[in-house]
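One structure below.
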Amino acid sequence: MSLNSSLSCRKELSNLTEEEGGEGGVIITQFIAIIVITIFVCLGNLVIVVTLYKKSYLLTLSNKFVFSLTLSNFLLSVLVLPFVVTSSIRREWIFGVVWCNFSALLYLLISSASMLTLGVIAIDRYYAVLYPMVYPMKITGNRAVMALVYIWLHSLIGCLPPLFGWSSVEFDEFKWMCVAAWHREPGYTAFWQIWCALFPFLVMLVCYGFIFRVARVKARKVHCGTVVIVEEDAQRTGRKNSSTSTSSSGSRRNAFQGVVYSANQCKALITILVVLGAFMVTWGPYMVVIASEALWGKSSVSPSLETWATWLSFASAVCHPLIYGLWNKTVRKELLGMCFGDRYYREPFVQRQRTSRLFSISNRITDLGLSPHLTALMAGGQPLGHSSSTGDTGFSCSQDSGTDMMLLEDYTSDDNPPSHCTCPPKRRSSVTFEDEVEQIKEAAKNSILHVKAEVHKSLDSYAASLAKAIEAEAKINLFGEEALPGVLVTARTVPGGGFGGRRGSRTLVSQRLQLQSIEEGDVLAAEQR
């Protein structure tokens, strides 16, 4: 009996040791995971905040929302996540009741503000793409500030009720932090989900849905990479008659002009899917978990699922600087330039200022229905020349585009695509008669813009010459002929009282003749004399 009892005791002790060892391994793994998430959240959002703050030309109206988003995520990594790391090891809250309530409020406030900011960014892109002409009047600096203030007030309204009796705050050992007791007040759980999560998600769905529809209309393609243009004989019909069909074999040389690869539509679709997918993947499980706790009790959700859902909600703060910050080519180049100096390409200051001004109308997505010249004039800049970001395929590429959407415009150009835009190879395509009329009108507008630019250039040159002549005449009247630069007058005199420098006298005579001719508006006559 004693031998059997000792054997059973040894087995129980070994089982307890194995369980403790397994639990200790899980705790260590979870501790390492939450530390990695905290480091990525802190560093990722910090570099975007510093880049936007140091490079003031990047802080456009659209990027102000990104700045607010990344700054709030950085505060989350500093004020909330370190206490989550400590609680993941001890499995208890050791920082007191006051800080428990305050950390729960901070977590709800920052999370709600982040989700609402995503909705505001979607609205900003919606106006930039669908209404580019009225965008500068709709999205102004004051309205952007008002939108940011509204975001935080809206979030505060959704987070304060647990502190005033509607629901309560408690430490959740499986979430490793103090949160609202979702299982105690189903009404507050539903209110917070609708007020702070469902509302911005629906706004994102509607806005990005309209944006993608505009991209499809502008691209005039049904599927990415599988649509071809069929052009019949122009001699029989008298004009081009085009129709679309699905590419199957590609063997008919005269019928098919080639496959048009709608890279812009694919890019728009991928960007929208990434934005919406990141939101649903990171916040969807957490919303399902707290809804299950509110409806069927806290025991209805497994502890591991509760932990993973909380991790994913933290991971959303890692996705935001990647999607809305580092995906921006200009921000990425400036960040690399700050880290590695001149080893990476950085645009000159003047070019950056002009690019930021021209494309401030749509900092995320390039305009769809406007030519580069009209975009430049609408933004208050100069008409774009051959260095425009529109290539021969009609793709509008902007380095200031945060998500780098390239959307097809209604026209094509014979110029070579710029080196900084990666556009598909040049392919011929047929157009309808109505499209030809639109292209002719657009070409006429562009030619008028070029003529006006040449006129302005000539007027500027004439004004500069006139100003120099007036300045020279004023110097002659005030200081004499020696004050003019380039007049070679020697100090010695020759018999007769004149100066020995004939070159200087000839220069003065020619300058006076040129001055008189400029005042009379006839420069060529002065040169002939």
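A Cβ is built for glycine as well, from the same backbone N, Cα and C atoms used for every other residue.
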> Do the topological domains in Swiss-Prot put THR140 and LYS468 on a single side of the membrane?
Replying inline: yes
> Based on the annotations in Swiss-Prot, which residue of ASN15, ASN328 is described as N-linked glycosylation site?
Replying inline: ASN15
>> Which one, CYS9, CYS159, CYS178, is listed by Swiss-Prot as the other cysteine in the disulfide with CYS100?
In response: CYS178
> Excluding the flanking five residues on each side, which residues at least 6 beyond the ends of the transmembrane segment (144-164) place their CB within less than 8 Å of a CB in that stretch?
Replying inline: 61, 64-65, 68, 101, 104-105, 108-109, 112-113, 116-117, 120, 180-181, 188, 191-192, 195-196
>> Do any residues, 6 or more residues outside the transmembrane segment (307-327), come within under 8 Å Cβ-to-Cβ of it, and if so which ones?
In response: 30, 33-34, 37-38, 40-41, 44-45, 47-48, 51-52, 66, 69-70, 73, 76-77, 81, 84, 111, 114, 121, 174-177, 274-275, 278-279, 281-283, 285-286, 288-289, 335, 402-404
> Any idea which of the disulfide-bonded residues CYS100, CYS178 has the thinnest Cβ neighbourhood at 10 Å?
Replying inline: CYS100
>> Need a quick answer: max count of Cβ pairs under 8 Å to the transmembrane segment (270-290), which of 31-51, 65-85, 191-211 is it?
In response: 191-211
> Apart from its near flanks, which chain residues at least 6 from the ends of the transmembrane segment (65-85) lie with a Cβ under 8 angstroms of it?
Replying inline: 31, 34-35, 37-38, 41-42, 45-46, 48-49, 52-53, 59, 95, 99, 103, 106-107, 110-111, 113-114, 117-118, 120-121, 124, 144, 147-148, 151, 176-177, 314, 317, 320-321, 324-325, 402
> Are there residues at least 6 beyond the ends of the topological domain 'Extracellular' (165-190) whose Cβ is under 8 Å from a Cβ of it, and what are they?
Replying inline: 34, 80, 83-84, 87-88, 91-93, 100-101, 103-105, 107-108, 290-291, 293-295, 297-298, 303, 306-307, 310
> Where DSSP helix means H, G or I and strand means E or B, what are the helix, strand and coil counts for the topological domain 'Extracellular' (86-101)?
Replying inline: 11 helix, 0 strand, 5 coil
